[in-house]
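Structure first, commentary second.
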Amino acid sequence: MGTRPSLIEHGGWPFLITSIIGRLPAAMIQLGLLMYVTGVGLGLGLGGMTVAAVGLGTATSATLMGRLVDRFGPLPVVSAATVVQVAGLYAIHALTPSLVDGAQGPSTLLALAAVCGFANPQIGPIARSRWSHLARERREPALIRNALGYEGAVDETSFIIGPIAASFLVAALGPTPAIFTIMAIVLVGQGTFVGYLLVAGWHHRAGGRHAGSGRIPLMSLVPPMAVLLAVGITFGATQTGLTAVNDHRGTPGLTGVIYGSVGLGSAVSSLLTPRLPLRFGVGARLIAGALCLLVGGIGFATLPGTPGSVALALLVGLGVGLILVTGFARAEAVAPPTRVASVMTILSMCLTLGVSIGAAVAGQLADVLWRGFLPVIVAGGMALLAALLIALSGRSAGR
């Protein structure tokens, strides 16, 4: 049995560190804008719509960003996206007085928020595509398994740290200094990754003029897309459902603690998934993950107390980690070498879209508390169906 490939040896410390720093701003912007909008007196309702606009912009541009990276390489794409994102944030600040006075309508704010989301440079998918190219060039199939587990843990950690940092900035500094600080973090964080790209000479483009000529096998991608969509729905609905429950109980401060347990469970699960025996294959891993979502959703619908909710959140996180790592690995395996970044961003789009769907539907249902978790149950069932299809297709291919 061979040794486990070292991510440090293959990727190098500069890549590992800058790709972590580079994705933190994207994890801060949504909650940062929510708290900024409410902090300047525009209301929680408009703040929620602003978050949705950021998510919609990100989902809309994800596949475009992937195609541009495959065609031109990551350096010009990340650089341009960073400039546009900072400009969008500054425009929101500059227009705030007229928004508060009513001289500008909410549609202006929502359009600018969508621009900020549209300019998300998708550093996570870019990093995953980098690992894919390294694994294929060096013929190290175990490298991509370990790397995707690591990337899943990094994503989950950033989704915990980013919102906490954003909320701390707004609470400690006030809305105006906080939005300037977030702009600086975008420049420094994503700029650090751009600096790595410049110094390392990583100008990879998959095939120059003919990049993107490899056909993406959409039928093979549908099941991974479905399980990633299910994970997104679970994220959005769980956060919304827990918010409704804890607001009703007079314990709103517990929402972040319980929901953070989902991220903690997912981060640990993402790191451990690549260590599972190979005989516990793709289909089995996805089925196990889907069952965790399904059982967790049913459990949340019983409206347990805080200890029970934390336990269920950890269970859901376990399933999320299994699904994220395995779903991305399945998609990477069927992606043409010239379209890896495109495929990674397609899956990220499904995740982002799922969060918006889950939050929106749960928000409509949560006037009856237990119904706010119905989308989680449905997502678990959808993930289970997709996992069974993958398992059955694997058996058919093996005959």
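Cβ from N, Cα, C; glycine included.
According to TrEMBL:
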- 220-399: domain 'Major facilitator superfamily (MFS) profile' (DOMAIN)
- 12-36: transmembrane segment (TRANSMEM)
- 42-65: transmembrane segment (TRANSMEM)
- 77-96: transmembrane segment (TRANSMEM)
- 108-127: transmembrane segment (TRANSMEM)
- 148-172: transmembrane segment (TRANSMEM)
- 178-200: transmembrane segment (TRANSMEM)
- 221-242: transmembrane segment (TRANSMEM)
- 254-272: transmembrane segment (TRANSMEM)
- 284-303: transmembrane segment (TRANSMEM)
- 309-329: transmembrane segment (TRANSMEM)
- 341-362: transmembrane segment (TRANSMEM)
- 368-392: transmembrane segment (TRANSMEM)
Listed stretch, out of 254-272, 284-303, 341-362, that has the most CB pairs under 8 angstroms to the transmembrane segment (42-65): 341-362
Result, the transmembrane segment (148-172) in contact with the transmembrane segment (254-272) (3+ CB pairs under 8 Å): yes
Seg_contact(the transmembrane segment (108-127), the transmembrane segment (341-362)) with at least 3 CB pairs under 8 angstroms, min sep 6: yes
The transmembrane segment (368-392) and the transmembrane segment (178-200) contact flag, 3+ Cβ pairs under 8 angstroms: no
Cβ contacts under 8 Å made by the transmembrane segment (178-200) with residues that lie 6+ beyond its boundaries: 12, 14-15, 18-19, 21-25, 28-29, 32, 35-36, 39, 74-75, 78-79, 81-82, 85-86, 89-90, 92-93, 121, 123, 166, 169-170, 172
Per-region confidence, the domain 'Major facilitator superfamily (MFS) profile' (220-399) (mean pLDDT, whole number): 88
